[in-house]
């Protein structure tokens with residue numbers, strides 16, 4: 001078993017040409033071929049191009065970002081506009097973006113709007129280029145519905161740290177009186193605010209601040225201007241939701257979440273999850289656990305854990 005795993009993730013010394021990516025959406029695979037054809041013989045687009053990023057939706061919208069080691073000029077804009085128009089003439093609903101050091105050129109917009117059927121309700125999510133979003137839409141639906149199911153009998157309010165564009169906050173709002181969520185990245189906060197309005201949700205409050213800062217505010221260590229007008233004491237949060245980066249929860253946040261009767265933890269790194277559970281299991285018991293295969297055919301695994309106070 002160990003040998004098989006090592007063989008699967010070992011890096012070959014020779015380069016292997018990859019013309020398709022079956023684990024990605026059909027639209028991404030279509031765009032990969034179209035982009036190669038579009039830039040191959042165009043010097044303005046091809047010169048010092050080192051990476052292309054793709055973001056697509058289930059409704060076949062796409063944002064494609066071209067990353068360069070050079071200054072982008074008007075010649076690049078004209079060539080990119082012609083390529084975009086040619087792709088659209090093929091029926092591809094695509095937006096192109098050029099990126100270089102301290103440069104970002106949007107030909108029209110830098111986002112797409114995803115629509116997901118979640119537990120009998122359509123959810124609208126604005127997803128911004130170069131900001132965190134759940135990469136696998138079909139698996140995201142499974143994660144959202146699992147989170148809804150394990151919190152269906154919840155009481156009081158929900159506190160969420162690391163809310164991103166409101167992916168979980170908005171879906172879980174139907175299970176709680178109110179949702180208070182934090183996020184540090186400005187583009188994600190703006191997307192979350194748009195998503196609140198687009199989904200006609202009136203019980204979600206987004207605060208732009210880091211989880212570590214919010215922990216300090218909750219513990220009375222510091223006061224923040226961003227919290228003016230928000231009475232944290234009015235929230236009766238019996239459940240806390242965390243979806244941290246790969247580094248997991250820092251020690252202060254670990255202590256803070258232990259004060260809540262229920263902890264819902266979505267992890268993108270099983271190693272840091274296990275480390276955090278060593279601390280959280282001192283006060284809480286794992287009552288539900290699920291694995292989500294966000295990236296098929298890789299060793300990566302997303303984990304969902306519900307912990308209840310002992």
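We count from 1, first residue shown onward.
Cβ from N, Cα, C; glycine included.
Caution: TrEMBL annotation is automatic and unverified by curators.
In the three-state DSSP classification, residue 183 (S-adenosyl-L-methionine binding site) falls within a strand. Residue 183 (S-adenosyl-L-methionine binding site) is surrounded by 26 other CB atoms, counting those within 10 A of its CB over all protein chains shown. Feature annotation from TrEMBL assigns S-adenosyl-L-methionine binding site to 134, 162, 167, 183, 243.
The active site, nucleophile annotation in TrEMBL covers 268. In sequence order, 243, 245, 246, 294, 300, 302 make up the list of same-chain residues 6 or more apart from residue 268 (active site, nucleophile) whose Cβ falls under 8 Å from its Cβ.
Under the heading active site, TrEMBL lists 268. A coil conformation is recorded for residue 268 (active site, nucleophile) in the three-state DSSP classification, outside any helix or strand.
For residue 302 (active site, proton acceptor), the count of additional Cβ atoms within 10 Å of its Cβ stands at 24 [all protein chains shown]. According to TrEMBL, the active site, proton acceptor annotation covers 302.
In sequence order, 125, 133, 134, 140, 144 make up the list of same-chain residues 6 or more apart from residue 167 (S-adenosyl-L-methionine binding site) whose Cβ falls under 8 Å from its Cβ.
Maximum C-alpha to C-alpha distance over the listed S-adenosyl-L-methionine-binding residues 134, 162, 167, 183, 243 is 15 Å. In the structure as shown, the Cβ atom of residue 134 (S-adenosyl-L-methionine binding site) sits within 10 Å of 24 other Cβ atoms.
Residue 302 (active site, proton acceptor) falls within a strand when secondary structure is assigned with DSSP. The Cβ of residue 162 (S-adenosyl-L-methionine binding site) has 182, 183, 211, 242, 243, 244, 245 as same-chain neighbours under 8 Å, each 6 or more residues away in sequence.
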